[in-house]
Amino acid sequence: MATAALLFAFIGIVTVDVPSNEASFLNANERGLWSTVSVMADGVDATKSDAWQEVAAEPACVESQDSPSPFASMVAASYQVVKKAFRFSLDDQSVVTTRIVLALVNLPLLAVFFAATIFTIDRVGCTKWSRFTAAAATCFATMLLPLSASLNYQLPAAAATAATLWLYMHVSDRLEHSYQPSHRIWVAAGFTATMAAAFQFSAALMLVPWLLLFGRLDHEEIRRFLTGSAIAGAFFVCSWIVYFTLVDQSPVHQAAVHETAVHETAVHETAVHEVTVHRAAVGQAGLGQTSAHPMATDQGQSLSMQEIANVSRAADAEVPATAADLRESLSVVESIFHAIGGHHGLFSLTPLWLLLPIALVAGIRFEPSEFQVLAFAVAVVSLTCLLFCIAALVFGSESRLPQIYPSQLIWMTPLWLLMITPLIEQFEGSRHRRVLVIALLGISVVSALAAFPSASASSWLYRVWPL
């Protein structure tokens, strides 16, 4: 099953051509990350390649600037291997090179996610039907599968979270049978938990719960967990330094600065011309000479900053509305709706997660104590992430296009799959509930497969359900 899913992912990586779309589905734009990788590996500037210039000139890339992460360093290392082995570069063979690098980077991450999550499911599920259903959901029903066809931070964060969860279940199982786990397990757990936070900042909310969960198993080994966290933290700091050293050379960054300067110059020249023409028409050539902030023109006239600002605003108002403007017009309520149950929604894109609230409540109330603690931690972190993203929609200054599900919550996919496994097992005894689970799973699989053509640009629901 996992092999078939990896084959689907490979086919998607090779064949899918992500369309240009102003509606960014990912919080960190894929091409911005590719640009950073190119700068880190090649020292590419904004004028070296026409292809990169076209990429950098797209407004969506400017809006979704890359962020410091060890993942960019990992991708740059893989790109260097491809460059030396095949003599391909992101400037000359951009399409082929990106597909090869994606296969080298994303397929192993996807395999780690599959293997670690299915292992934890096998430890929790007691029946063959529940284990098979949860494993099928792991391989085919989540948005991680289509996102493997693009470069993003969500997949490595989910893989690191799955690895941490597997290590936790392994340590718990060993201690339950009176075996002392290797000290390296604790170091690895601290490393993977912190790396998940480095890949996706919202995953940092799970660091303290992981520390407490591993501390409940053996508090004397916490220092080794912290050692692993320190190693990952050092890696993150190095990546941060590299990022801020090289990002100013990024084609996206330079193009954004250039486009902004050109636009401001054009608007200013237009404003000066319009004000000059207006004065000549009404015979008020000396109107702005008393302004506190005069501005000289070629005709020797003096224009006030207020006049120029008024004309600039009028010129902007005449520009036709774009998709970005329409997104800005969304109300807070509409944004929250689309982020939860609309075209970018948590439950609409993956209906299987409708089982999650019931599963969390059941896990906290009825499951064994170790699972209760884990379920409580997952519930608290999930709710905190959800509230944080809603607050960003309400109080943030950025576009209100819902980006809540993929960017902030998808890294929790391994934890959620583990949580719903006992509930799927309970539903096995009822025919109607089994049908419900199968229906939710089937719709989620179709949704995930439908997302392949544009997972890094916009959700498939957004294409059929426009604003």
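Cβ from N, Cα, C; glycine included.
As annotated by TrEMBL, transmembrane segment applies to 100-120, 132-151, 185-213, 225-246, 346-366, 373-396, 408-424, 436-462.
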- Taking contact to mean three or more C-beta pairs under 8 angstroms, with sequence separation of 6 or more, is the transmembrane segment (100-120) in contact with the transmembrane segment (408-424)? yes
- Note on the structure: Contact count check, CB pairs under 8 angstroms to the transmembrane segment (132-151), set 185-213, 346-366, 373-396; argmax is 346-366
- Message: Do any residues, 6 or more residues outside the transmembrane segment (346-366), come within under 8 Å Cβ-to-Cβ of it, and if so which ones?
- Response: 137, 141-143, 339-340, 372, 374-376, 378-379, 382, 404-405, 409, 416, 419-420, 422-424, 426, 437, 440-441, 443-444, 447-448, 451, 459, 461
